[in-house]
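Structure first, commentary second.
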Amino acid sequence: MRAISVQKNLDWISIVLYILLVSAGWLNIYSASLPLEITSIFDLNQIYGRQLMFVIICIPFIILILSIDAKFYEKYAIIFYIIGLLSILGLFFFGKSVKGQTNWYQIAGFGIQPSEFVKTTTALLLAKYLSDIQDSLSSYKEQIIALAIIGIPTISILQHDTGSAMLFASLIFVLYREGLPSWYLWTGFITIVLFTASLIVIPVYILIAIFVCLGIHFYFNKKINRNPFLYIILGVVMSGFVLSVDYVYDEVLEPHQKDRINVLIGEDINLQKEGYNLNQSKIAIGSGGWTGKGFLEGTQTKGGFVPEQHTDYIFTTVGEEWGFVGASVIVILFVALFFRLLYLTENQKTKFNRVYGYCVVCFLFIHFALNTTMLIGLFPTIGVPLPFFSYGGSSLMAFTLLLFIFLKLDANKINEW
Amino acid sequence: MRKALLPIVIILVTIAILSRLFYLQIIDDTYIKKSENNALKIVYEYPERGYVYDRNGKLLIANQPSYDIMVIPQEVKNIDTLALCKILEIELEEFNNKLQKARVYSPRLPSVFLPQLNKAEYAAFQEKIRHFNGFYIQKRNLRDYQVSVGANVFGYIRQVNEGNIKQNPYYKSGDLIGIQGIEQEYENILRGVKGVKYIQRDRFNREIGSFKDGFYDTLAVKGEDITLTLDIELQEYGELLMQNKRGGIIAIEPKTGEILSLVTAPSYDPGLLVGRERSKNYTNLYRDSISKPLYNRVLSGEYSPGSPFKILTGLIGMQEGVVNEQTRFLCNHGFYYGRGAFMKCHDSGNIALNQAIASSCNTYFAQTYKRVIEKYKNSREGMDHWSEHLKSFGLGQFLGYDLPEGRKGHIPSSDYYDRWYPNGGWRSTTTISNSIGQGEIIMTPIQLANMMATVANRGYYYTPHIIKNIEHDKIDPRFTTKHVTSIDPRHFAPVIQGLHDVYNFGTGRSVQVEGIDICGKTGTVENFTRINGKRYQLADHSVFVAFAPKDNPQIAIAVFIENGVWGARWAAPITSLMIEKYLRKEITRKDLEKRMFEGSLESEYNKVITLQQMADKKTK
């Protein structure tokens, strides 16, 4: 009886979108990893074979997620969170190093990436906390606790994987949605703008721009208690930040991170070295034209010119073989999923469900946005997978977990009365 | 508001992504090219260039294999540079320069590293090539000339330069292209179409099979053979006659417009421009600014035609009705055409048209010309009628023959004189020199020969051409289209009689050929040179035009000898020998032939150099 009601209340639109994305992802992985001698699609020695296995494993996994009582996720959120953290700390002792990053556990021949799952646990705890306080983050204490829930896993992951750590910053949207004062967002936004500007423009011009903007703002600010000292302090802090960007850039960023930024802003780059990835990625996508070269016909894909094409660069296969039309369809499928989830989220009856749903959308969106913009040269290269699409068991399972917990919560909302 | 932020951000980012994708995939098409460079290796198969035969089926130009060492700079890794230099017998510095040059052209595409190895060099390199990554051998076909004449007709082939590549994407670095002569004119027919194989590569440059199962691959198509209108024996004979002289011979078959021989002297052995010495030899020929062996005097030399032009003056006079067969002019060693203005003439008596042509009487033609111009209500109209007649002979314009060089010559029109005399006032007498082929009339030797062909045909010509047959194609229809002149055929009889009389008792009587009725006309063209602004008179150019036989003409010919003094001294004997050679295949007048073979005008040509040196000394 219960199982039937869950089935009936499940949001099938989201599930169909999920199935479409996973299937499209597998087809492109198949193309990107096809060897010269064609073997069975179930061949576990091949990347596509393994991915197919992960896809198949997801089916019982989803059934498991859906059959667990919805209350269970809320009740034990703190425990999941702690397990997640421990699994990351454990990497220091038992982690396996791949390409300079120690973010894997090696279990039974398969690598497991705990940071993928920590996104879910963080989202759960954040939802739990925000629903518990029944307040809109007005006090500093609440704000600090909320930020800490996000910050702790961020910092611990930062040690292993800068890219994944940045993804947690997207949860600022959740906090803002739940009442975080807007100056947090402004601070973050202005910091990014100033940092980017400092890399491209001479600092003097930025300083002039800062003070002109502040001056204009001060002049039009009609509040009675406008404080000129506040403006001056703000100006000085911003100037200090701008002037320190060079230092940050030179001393804090690692050489490969600098390269990635240089590649983007078009500093003199070597297309055989640091510029290789982006250049090949653009060639693959750019040579697709309107409708692409056809399934399994991509010359760049076949020649293996794009590195990591089956993982982070899988979207280049879409661009090359399916063209602008195919790439747009995939983009639209993603966006449709985001909006469907947003719609469901805004209609949740409980705050826990709502916050968790919002976290899901934020995580999926930030992955999607960073991954695609990196491939087409709009954002520096960061190793971020494309959800449901990129090769990788951990990534696929973790995103499936993230999504289907929400679908379970959503299906259950009737029963919560 | 708080609900709206994330959706807005999502929409903005999506728009940014889609626009960027649209830009990369649709608007900017450089990536398609880059992708091809990346992933496709293109292998060309070069077809054999078409053979060239003469009108009698004799093979003139065949092919010989040649081997180019090609390099793909990107793939040159870990090789023993010194060993390679030793095998190829080049300096290390040269090696580096060549490699750098190839890299500048493209690191991924093949460039010619060392062109045109002979078989022995090829064999030596072939054994060791596997040690030298990035180098391979490309077989090509070079020309193998069966004769040592005709260089200016044949042209030559060389590697394409950047301009050629830019102009026509068919050509890639290292391809061969025809330059000048028939090699250029019939390049598309002779070269065939090279075959292409697309091979898919991976990022390590390994070949991973053919691209799309060879769907885009093409087979090479062999170049087509062509037959020229040249009679190679006549050509060889003409070049022999012209040795140590400057000038040209052009012989045309009147009833078809086929060029039987086209000699320009000095010339060179076409074999010089083949093989590794090509570039050195070419530079030598190119730098020879005194005898200009690469300059085709027959097609590009522009001269005042001199006396042969009187034929046209006479014809126009009759067509315009101002003279007829019976018209006679009194000539007393010249002609006053204006107050105090006198045109000299060596002739005297009461002269009719045929006599006037035979004895080349200036007076007769000056009078005729004056009457033509003055027949109309003003000189403008007269001049325009006159030049229309000349244009119907193909003068003052490109004849349209199938060799890629030449000049238009010049036929003045009323506009031309209006420019010189903006206030009007020019008259027939102002331009009287035109009547005898001096003045503003300029013609090329091939136009002269075509004029003779037209006279031989009694009023029409076919555009002169060098192509007789293409293996699987028709020749251009413009060569089989009759051009009829504005002169009525009946007017040609007295002129031809006059030309025949030239041989019987006129200026050409010393070079009659027993049993062949030749019609011809001598010419002597004054010429000057300017050295440091000072005008020096040089020995006259010697001209002779002819056709033979008088009835059913087989050959029309123009011979032009720079500084040959009178038409009768060099040009007339050479013409008669050429005609005899063509019509009889053998020469009876061995002593005349010997004199022509051995005759040299070098001393005359050296005068110019001496004059130049003297002038230079003076200025010092």
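Placed from the backbone N, Cα and C atoms, the Cβ positions cover glycine too.
Listed in TrEMBL:
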type: TRANSMEM; residues: A:12-31; note: transmembrane segment
type: TRANSMEM; residues: A:52-70; note: transmembrane segment
type: TRANSMEM; residues: A:76-94; note: transmembrane segment
type: TRANSMEM; residues: A:183-216; note: transmembrane segment
type: TRANSMEM; residues: A:228-249; note: transmembrane segment
type: TRANSMEM; residues: A:322-343; note: transmembrane segment
type: TRANSMEM; residues: A:355-382; note: transmembrane segment
type: TRANSMEM; residues: A:388-407; note: transmembrane segment
Long-range environment of the transmembrane segment (A:12-31) - Cβ separation under 8 angstroms, sequence gap at least 6: 41, 47-48, 51-52, 55, 58, 295-296, 298, 301, 310, 314, 317-318, 321, 330, 333-334, 336-337, 340-341, 344, 386-391, 396, 400, 403, 407
Paired segments the transmembrane segment (A:52-70) and the transmembrane segment (A:322-343) in contact, 3+ CB pairs under 8 A: no
Range from A:183-216, A:322-343, A:355-382 with most C-beta pairs under 8 A to the transmembrane segment (A:228-249): A:183-216
Same-chain residue ranges lying at least 6 outside the transmembrane segment (A:322-343) that approach it to Cβ under 8 Å: 11, 13-14, 17-18, 20-21, 24, 285, 288-293, 295, 315, 357-358, 360-361, 364-365, 368, 372, 387, 389, 406
